[in-house]
Every structure is written in C-alpha cells, then in structure tokens.
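As recorded in TrEMBL, the features of this protein are as follows:
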type: ACT_SITE; residues: A:Ser110; note: active site, phosphoserine intermediate
type: BINDING; residues: A:Gly36, A:Leu37, A:Ser38, A:Gly39, A:Ser40, A:Gly41, A:Lys42, A:Ser43; note: ATP binding site
type: DOMAIN; residues: A:28-180; note: domain 'APS kinase'
There are 2 protein chains.
Amino acid sequence: MTEQKATNITWHDGDVTRADRNKLLGQKGATIWFTGLSGSGKSTVAVALEQALFARNKLVYRLDGDNVRHGINKNLGFSAEDRAENIRRIGEIAKLFVDAGVIALSSFVSPYRTDRDLVRAMHAESDMDFIEVYVDVPLAVAEERDPKGLYKKARAGEIPNFTGISDPYEAPETPELVLKSHEMSLEEEVDAVIALLQQRGILPA
Amino acid sequence: MTEQKATNITWHDGDVTRADRNKLLGQKGATIWFTGLSGSGKSTVAVALEQALFARNKLVYRLDGDNVRHGINKNLGFSAEDRAENIRRIGEIAKLFVDAGVIALSSFVSPYRTDRDLVRAMHAESDMDFIEVYVDVPLAVAEERDPKGLYKKARAGEIPNFTGISDPYEAPETPELVLKSHEMSLEEEVDAVIALLQQRGILPA
C-alpha cells in the first residue's frame, strides 16, 4: 500500500485539465444556448451548425428533446417546477461537456428568463463561455410553420400552458446573438454563429 | 420560408452520427464504470487511466463526486430513493458522453447491484459499451486506508448508512474486470483496463 500511495502522488501531479482537452481538440469547449418559440427554427440552425462545425473537424454535441427528455429528464413533467429543473439539469450537463472540451449546443424553448439566467450564472461561476442565441421570429411565423402541429393543438385547448399561446415567452434582453430565421438563409444563420465563435476564441480564427 | 424548408432537407440529410464522432476522435465512446468500497482505489485508478488515455491523445472524461454531486445532482441527498436517482442520472450522463464519442469514466461507490444493472441495461438498449470494473479490496484494507477519514466517522456512528459498515456493498457477479488494488501496482491496473479496451475495439489495438 505504501508503494501505491507513492505512485499515486506521481500520477496525480499530471491531472488532465480542461485546458489540456481544449488543446487536444483544437477548440474551446463552450455552450451555445438556442432559445425561441416552438417552430422558430432552433433545431434547424443547431443541426446545421453541428454539421458545419463537424466539417471543420470540431467536436460538437447537440442536447435536445430526443436525447434529454427521453433520457436523464424522463422523470420530469411540465409543471413550473419540473420545467425549471429540466433547464437546470440541461445547463449542468452542458457544463460537463464544456469541461470535457466539447462545444455543446442546446435547443430547447427555454421560455423563462430566470431559468436561462441561472444557466448563464452557473457557467460564469466556472469561467465557461455561455452564448445565448435568440432565434427570433414573430409568433405568427412560428404558428404558420407549426412543424409538429403543436400550435393547432394548443389553439384547440389540447395542450395546456403552451409557450406563445397560453404561456409567456420571455425574450432575452441581451443575448449574444439574434437570428431572425424568417429573414435570413440557414447559411447566413450558421455563418453568424461561427463568426461569433471565432471572435470569442472558441474556434480558431 | 419555403426556401428555408428546402434548405433544411439538404442539411438534415447529413446529420452527424455517433459513428462520425468516433471516427473523428479515433476511438469508440464507452462507459468504464468503476465500483467498489470507499477507499478501494476507484478514483486513483480512474485518474491514472485518464492520464494514460490522454497521453495517447484519446478524449476521456471523468464523472465523480466533485463534478456531479456538486452540480447536476446537488438536489439529491442520501435516501435510498435519492441514491438510486443519483446513479440513474450518472448513467444517463455517461450515455450522452458515449454518444458524443467520449470515453466516460465513472467512479462512484454504486453499492447496489440493481442500480448498476439499470445503467448496464440502458447502455445495452442504445448498443453502447458498458465496462463494469470492480475495484475489489477487503473491507479491512479500505478501512485501514481510510483516505477521507470516513470509516472512522462511520464506526463512531457519525455517518449513517455507510457502505461496508452499516449498509451493504453488493459485489458485481460478472463484472468485465476485477482489479485487486491491494495486490496490483497502479500501472498493472491501468494496463489491464487498456488491454480490455483494445480487445473490445474501444481503443485501436
């Protein structure tokens, strides 16, 4: 046991750090947090950004309803308390990815300012980049798109507390970026995010 | 909007997959789940393994009490229910890392077979590698080491439900690997894990 303890000390000296992982990956881990109405185009731009970054050999991972709501957060419903806990957990998971050196993309409606500000604050605490991207389209545009038929159901009263219809969407006051997906091409949206990531040193210029 | 939707289809065709990320990283994402008594040497071997893998330019990330219990799981205590939820969430987070292509190392006591088997099953469901490593030392050895002074406190009745003293440790029946850290050098332990990862195709041979 004495031998092992001595060995431990040697090994522990060289703990792998966040900076080491960033260097290995040639990028800086960061959270890109897309927020906006259902149908605003958050997932569309997140998917396109993921592809554009991966094409540059960057490691990027997308957190969305498919892998979060059906996995770690499957024990959460849609009460006010559960919605807040949903966003808190996503924020904490994003931080773990940032620590691992990964560029984490989050695309959830995340309608409440308090919840998003909590996630921003937890990143700041750990000196991590949090890029809030407001995908800003008028409600009428999102409702006309209605890709999942949710607005129709909400209008029919079949979905209670639906953001934009029967529950508020609190727009970010000072997001890092605003994307008006009804006035921009997808390429323009992706280019705008990438330019910002380069400015911030998250991607090499 | 019509234009954007058309563009979407093109972009979506090339979704980045788990296989793509594995290829970029030159490894296969997998979960290495260390289990054993407090003081058995789980964290020691996880830290040393992390260093050895990183030295080979592999992306590895360690989940432990520091980054999990103080972050995403800080709203969980030590009741039976909370302990189970703690392990479930860690398992789900590990899966997200595996999906991202990362080799995730988990070092928690995780004393209950049911909880570990749930994590194993959730990996199997998604066709992900789950390597259970039992760090197996006699209780007397762990208690003599007592690196955090926890056994002393547990014996004094200051910590209720302490694994090995007042709460059971259910040893794995068919773990992928057993490490007797009191009979092996740290180098031997790390080499044994790496050999297994090569055998499984998680690391290139």
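Positions of Cβ are set from backbone N, Cα and C atoms, glycine also.
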Give the helix, strand or coil assignment DSSP yields for A:Ser38 (ATP binding site).
-> coil
Might you list, by sequence position, any residue in that chain lying six or more from A:Ser38 (ATP binding site) with a Cβ less than 8 Å away from its Cβ?
-> A:Val109, A:Ala142, A:Lys148, A:Leu150, A:Tyr151, A:Phe162, A:Thr163, A:Gly164
Env. residues of ATP site, Cβ within 8 Å of mean position of A:Gly36, A:Leu37, A:Ser38, A:Gly39, A:Ser40, A:Gly41, A:Lys42, A:Ser43 Cβ | A:Thr44, A:Val109, A:Val135, A:Val137, A:Ala142, A:Ser181
Measure from the CA atom of A:Ser110 (active site, phosphoserine intermediate) to the CA atom of A:Lys42 (ATP binding site) and give the result in Å, rounded to a whole number.
-> 11
Within the same chain, the residues at least 6 apart in sequence whose Cβ is under 8 angstroms from that of A:Gly41 (ATP binding site) are A:Val135, A:Val137, A:Leu179, A:Ser181, A:Glu189
Averaged over the domain 'APS kinase' (A:28-180), what pLDDT does the prediction give?
-> 96
Given the binding-site residues A:Gly39, A:Ser40, A:Ser43, which lie close to A:Ser110 (active site, phosphoserine intermediate), meaning Cα to Cα within 10 A?
-> none
When neighbour density is defined as the number of other C-beta atoms within 10 angstroms of a residue's C-beta, which of the recorded positions A:Ser40, A:Ser43, A:Ser110 has the lowest density?
-> A:Ser43
